[in-house]
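J.: Annotations for this protein, taken from TrEMBL, read as follows:
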TRANSMEM  B:35-58  transmembrane segment
TRANSMEM  B:90-112  transmembrane segment
DOMAIN    B:91-305  domain 'ABC transmembrane type-1'
TRANSMEM  B:132-148  transmembrane segment
TRANSMEM  B:155-173  transmembrane segment
TRANSMEM  B:193-213  transmembrane segment
TRANSMEM  B:225-248  transmembrane segment
TRANSMEM  B:284-306  transmembrane segment
Amino acid sequence: MLYRSPAYRIFTWLNYCFLTLTAIVCLLPLIHVLSVSLSGKAAASANLVGLLPVDFTTMSYKATVNNMHFTKALLISVERTVIGTFISMLFIALGGYALSKDERAFRGRTVYVWIFLFTTLFGGGMIPSYILVKSLGLMNSIWALILPGAVAVYNMILLMNFFRSVPKELEEAALIDGAGHFRTLFSIYLPISLPAIATLALFTMVGHWNSWFDGMIYMTNPDKIPLATYLQQTIVQQDLSNSNVDLTQVKNNYSGQTIRAAQIFIGALPIILVYPFLQKYFVKGIVIGAVKE
Amino acid sequence: MNTSTETKEATLLHTGLRKKEKAGNLKRAWPLHLMVLPAILLVIVFSYVPMAGAVIAFQDYKPWNGFIHSKWVGLEHFRTMFEFPDIRQVIWNTLIIASMKIICLLIVPILFSLLLNEVRSIVFKRTVQTMVYLPHFLSWVILSGVLIDVMSDKGLVNQIIAFFGFQSVFFFGDGNWFRVMLVVSAVWKEFGFSTIIFLAALSGINPSLYEAAEVDGANRWKQTLHITLPAIVPIISVVATLSLGGILNGDFDQVFNLYNSLVYDKGDILDTYVYRTGLVGTKYSFGAAVGMFKSVVSLVLILITYRLAYKFANYRIF
């Protein structure tokens, strides 16, 4: 009854309007970039483009795809994302499985857990890590982008908790049938925790795709930088360092806003494509991770 | 006498059993040790070795000398650090920017989830959620490319401002505006994602509480005040407490991609400072000292806040 009071009805209408507006505001920048990337050069550099393309053209996408540096960086990003996600998931699954056993079955488990957890509380910092990678000889190697962050401790703990919810009877049955731990993990645990694995894999992929700082400090050879670093260097730094204009920058300015917008949009596209799959699971994953046992 | 021999025998038997058990355990457990091995090795190399490498904060580290032959200088870098007015400003910037973000990213998501909780239509709710979570997954590289474009002196926003007859605003060139931009853009990116935990708490409230309140004649506003809010106070206090551990974390990715030399005085944070002086300026030891200061203070804060969250909200992280 009280829900039908006039005041509450007015509130409901305002609420719906407000929520719709806020949600749209979250998408505006992406829509703007997309429309700039599909607009004519003149209209874009005169800032005439709002949320719809002006003088529709796909020129900027053609130019971007034909840009050697861009495609090279794109390939490196794909490479690091594929290899990095595979290695990360493999190590996390192995570690998460072992740590999901209790102390009686796996003496030393608690020590291992603390070794992992401490790294989430404290770190050596940017400079010692840089010196380490440099002295390991990993500069300009794709492994510098993959190995340092391969063991994501939060993901491993999440997976550990997930494995713990698997009924004990399954493992016992496998043991009786003569399966070892590796066999049990790969033929029983992994198949039944596929949704959890897929979620973590998607998160890891997004992380790799978006990661730019490691590419900036570890890759001194411009031919080896991943796409995120390439975008950071051409899009962000160009805007800010107007004072020391050099030839390449003049060229960049000439090629203009539409190409930059196209590059930004291509950079964001994989995330947008993966997002619907991500969204299906991450809410659950976060809530499970936050409210434990 | 008799009893003591008995216990002795029992203990002997017991240790014998334990030994046997231990051997059996090791036999069954070695694949488990093997499984943890890759992850442990990586963590030792890429997390613990840099922690040990942080000793260069007490040295005058030169790359060609290595850790072993570099000169030890004790606490000198830390002394310079606190005598340097630059750093005091940087710490101050970090504290202001981080605390403004923490406060706004607590209030906005709570209000937003309360409003979203009033929505009956599940389709509408899901659609809004899908849209507001998206910015969380885009990187600051992408977002700053867009932001700098839209907020530039001839960009979309300034055109609107000019349309209403106001002076155009130099959002990324003025220190005070820059801080505001940092907070606003961080809230814009993360508020949606931060609602997840509050929405989960809201959906866990027992519906019969609302029914009872309605019978008692409480309207929706009264119900929000007396049922909804008290029900989510525990999770709010946990989130608030835990976020204090990040008070020295201004978000490197965001600041680095948005700032420029015009706003260093008000926008430079500890991480960007370490990068510029330590890595780019190759003052490795000094940079490591500043970084260590941040890590140690953060560690202490995190341990305190975990303790507080456990004591007052009975929330266990580990």
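Please read every residue number as a count from 1 along the shown chain.
From the backbone N, Cα and C atoms, a Cβ is placed for every residue, glycine too.
Keep in mind that TrEMBL annotations are predicted by a computer and have not been checked by a curator.
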J.: Quickly jot the same-chain residues contacting the transmembrane segment (B:90-112) by Cβ under 8 Å, restricted to those at least six beyond its ends, or write none.
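T.: Long-range Cβ neighbours of the transmembrane segment (B:90-112): 132, 179, 182-183, 186-187, 190-192, 194-195, 198, 232, 236, 239-240, 243-244, 246-251, 255, 266-270, 273.
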J.: Looking at B:155-173, B:193-213, B:225-248, B:284-306, which one has the highest count of Cβ pairs under 8 angstroms to the transmembrane segment (B:35-58)?
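T.: Most Cβ pairs under 8 Å with the transmembrane segment (B:35-58) come from B:284-306.
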J.: Check for me, if you would, whether the transmembrane segment (B:193-213) reaches the transmembrane segment (B:155-173) - at least 3 Cβ pairs under 8 Å, residues 6 or more apart in sequence.
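T.: These two stretches do not touch.
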J.: Using Cβ atoms and a strict cutoff of less than 8 Å, what residues sit near the transmembrane segment (B:284-306) while being 6 or more residues removed from its termini?
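T.: Cβ under 8 Å, 6 or more out: 53-54, 56-61, 63, 70, 73, 77-78, 80-81, 87, 241-242, 244-249, 270-271, 273-275, 277-278, 317.
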